[in-house]
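Peer 1: Could you have a look at this structure, given as C-alpha cells, before my questions?
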Amino acid sequence: MRLLLFLGCAAVALCIVRGCSPRNFADSPSHRCFCQVTGYLDDCTCDVETIDAFNNFKLFPKLQKLLESDYFRYYKVNLKKPCPFWDVVSHCGIKDCAVKPCHTSEIPDGIKSSGFKYSEEANRHVGELVDCEKAERLGAVDESLSVETQQAFLQWANHDDSGDNFCEADDEHSPDAEYVDLLLNPERYTGYKGPDAWKIWNIIYEENCFKPQTIKRPLNPLASSRGDNEDNTFYNWLEGLCVEKRAFYRLISGLHASINIHLSARYLLQETWLEQIWGHNASEFQKRFDTVLTKGEGARRLRNLYFLYLIELRAASKVLPFIERLGFQLFTGDKARDTENKKLLLEILQDVKSFPLHFDENSLFAGNKKDADKLKEEFRLHFRNISRIMDCVGCFKCRLWGKLQTQGLGTALKILFSEKQIENLPERGPTYGFQLTRQEIVAFFNAFGRISTSIKELENFRNLLLNTQ
Ligand SMILES: *[C@@H]1O[C@H](CO)[C@@H](O)[C@H](O)[C@H]1NC(C)=O
Ligand SMILES: *[C@@H]1O[C@H](CO)[C@@H](O)[C@H](O)[C@H]1NC(C)=O
C-alpha cells in the first residue's frame, strides 16, 4: 500500500514536470487550461489519464448511441413547478431558452403505458412501506438539527416515496408533467447569463454546500468585496471538512464545470435569419478554465469534473445486477429494438465494471453508524434542496437540463448509498426492495452521458487551444 502511494506521488510529480515545466510553452493557451489537470485525483485512487482513455475511446461512443434510442430520449418532467424559494424572473423572452414538449401522439405507446404501470407498481409498494419507513426516519431526526431543518425534513418525509431518494422527483401524474425529447432540445448556449444565472449557483454554493457565511468563496461574482487571501481561507476551510462534505462540494463544482463545458462547446457562433451555427468557442472556455484568468480555479473545477465522473461511473457499475435481471426491460413496445438496446446497455455496463480504478464509496459515510447516518441524512437533505432550487432557474432550457442532471446525480447517490440490496434480486416481478423508476433511469444515464461528453469535449478544446498560440 505504501509503495502504491509512493508510486502515485511519483506519477503526479512526473506529470507536473512534464506538463507544467516553464520551458514547455508555459504561456500557451492549452497549457494554461490543462497543465494542472493531470495525474492523481484527490480523495480517490484514480488518475486523469486513465479516465480520458477509458471514456473517450470505450464508453463515450456507445453511450451516445444508447441515448439516441426512444427509451432514453423522452424524459418526463414538470417545468412549471413553482420555485419554492423566491419569485423567478422569467427568461421566456430568450428564444433559445424555449423547450418544446412532445405531443402525446409522438411518444411510443410502450413508454406511456409502461411509465404508468411502473409507477403504479411502485406506488403500491410504497404504500406498504411508507408508514414504518417514515417512523424510522422521523426517529432518526437528530435534536441538534435546527427547527427549520427538522420541518423541511418532515415535509419531505411526508411525500417521500422511498427512504433512499436524494432528489425530489416530479410527480409524473401531474397534468403539468410533459414528455420532452432531449435530442430536439439539446443542452447548449442560451444567452441566459449574468446576475440571474449567477444567483442560482451562488445560492447553491453559499447556502447549500455546508459553507459558513464568513468564509468567502473565491471569484464569487456576487460578493461585495474581495480580499487577497480569501482563496486560501476557502481552501483551508474545505480541506478541514470531513471527506463527505468535501465530496458534496466537489460534486456540485463538477456539475457546474460540466454545464459550462457544454455551453462553450455548443456556443451560438453565428445567426442569420436563415440559420443558426453552433460550435466550439475556445475563448469562452478559457474564460472559465484558464488557470491565469481564473486564478487557479479552472484546474480545480476540471479536477472536480473528473471526480464527478468517477462517482457516476461507480454507480453505473453497481447498478448492473439490477439491470441484468430478466424482468428488466427498456420497454417501448418495439420488441426487437428493446432487446437490442438492453444488449447495448449491458455491454456498456460490463465495460464500466471492468474499469480498473473505481471509486470506493465505502470510504464515505464510514465509521460510527449513528454519526454516519446523521451525516448521510444531512447530505441527502442538502442535495434534495438543490434539486428544488432547479425549479427556480429562469431559463426553461437550463431548467430542463439542470433538473435532469441533478436527478441523474441524485439517482447515482441513491444507487451508491442505498441500504437496500441491489444484488440477488428476483429475476422477474417487483423487487420489493431496491427500485428505480423509468424517470430515474432515463435521468441517470443521460446525466452520465453529459459528464462523459464533457470529458470528451476537453480533448476537443485541448486540440483547439493547441492551434491558437
Ligand atoms: C466567444 O465567446 C466570447 C465570450 O467569451 C465572445 O465575446 C465571442 O464573441 C464569442 N465568439 C463567437 C465567434 O461567437
Ligand atoms: C434550502 O435552500 C434555501 C435557499 O437557498 C435555503 O434558504 C435553505 O436554508 C436550504 N435548506 C437546507 C435544509 O439546506
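Glycine is treated like the rest: Cβ placed from N, Cα and C.
Dumping what TrEMBL says about this protein:
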ACT_SITE  C395  active site, nucleophile
ACT_SITE  C398  active site
BINDING   R188, T190, W201, S253, H256, R288  FAD binding site
DISULFID  C92-C97  disulfide bond
DISULFID  C132-C167  disulfide bond
DISULFID  C395-C398  disulfide bond
SIGNAL    1-19  signal peptide
Peer 1: If we count other C-beta atoms within 10 Å, could you say which of the recorded positions C97, C167, C395, C398 has the fewest?
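Peer 2: C97, out of the recorded positions C97, C167, C395, C398, has the fewest neighbouring Cβ atoms within 10 Å.
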Peer 1: For T190 (FAD binding site), what residues in its own chain, 6 or more apart in sequence, show a Cβ-Cβ distance under 8 Å?
Peer 2: I94, D96, C97, L263, C395, K397, C398
Peer 1: Once the chains shown are all counted, how many other Cβ atoms turn up within 10 Å of the Cβ of R188 (FAD binding site)?
Peer 2: 18
Peer 1: Please give me the CB contact count at 10 A for R288 (FAD binding site), counting all chains in the structure.
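Peer 2: So the Cβ neighbour count for R288 (FAD binding site) comes to 19.
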Peer 1: Which residues of the same chain, at least 6 positions away in sequence, have a Cβ lying under 8 Å from the Cβ of H256 (FAD binding site)?
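Peer 2: Long-range Cβ contacts: W201, R301.
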Peer 1: So among the binding-site residues W201, S253, who's got the most Cβ atoms within 10 Å?
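Peer 2: Counting every other Cβ within 10 Å of each candidate, the maximum falls on S253.
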Peer 1: I need the nearest neighbour of C167 (disulfide bond) among the binding-site residues R188, S253, R288, using C-alpha distances.
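Peer 2: Closest candidate to C167 (disulfide bond), judged by Cα separation, is S253.
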Peer 1: Kindly assign H256 (FAD binding site) to one of the three DSSP-derived states: helix, strand or coil.
Peer 2: helix
Peer 1: Please give the greatest C-alpha separation between any two of the FAD-binding residues R188, T190, W201, S253, H256, R288, in angstrom, as a whole number.
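Peer 2: For the residues that bind FAD, the greatest Cα distance is 20 Å.
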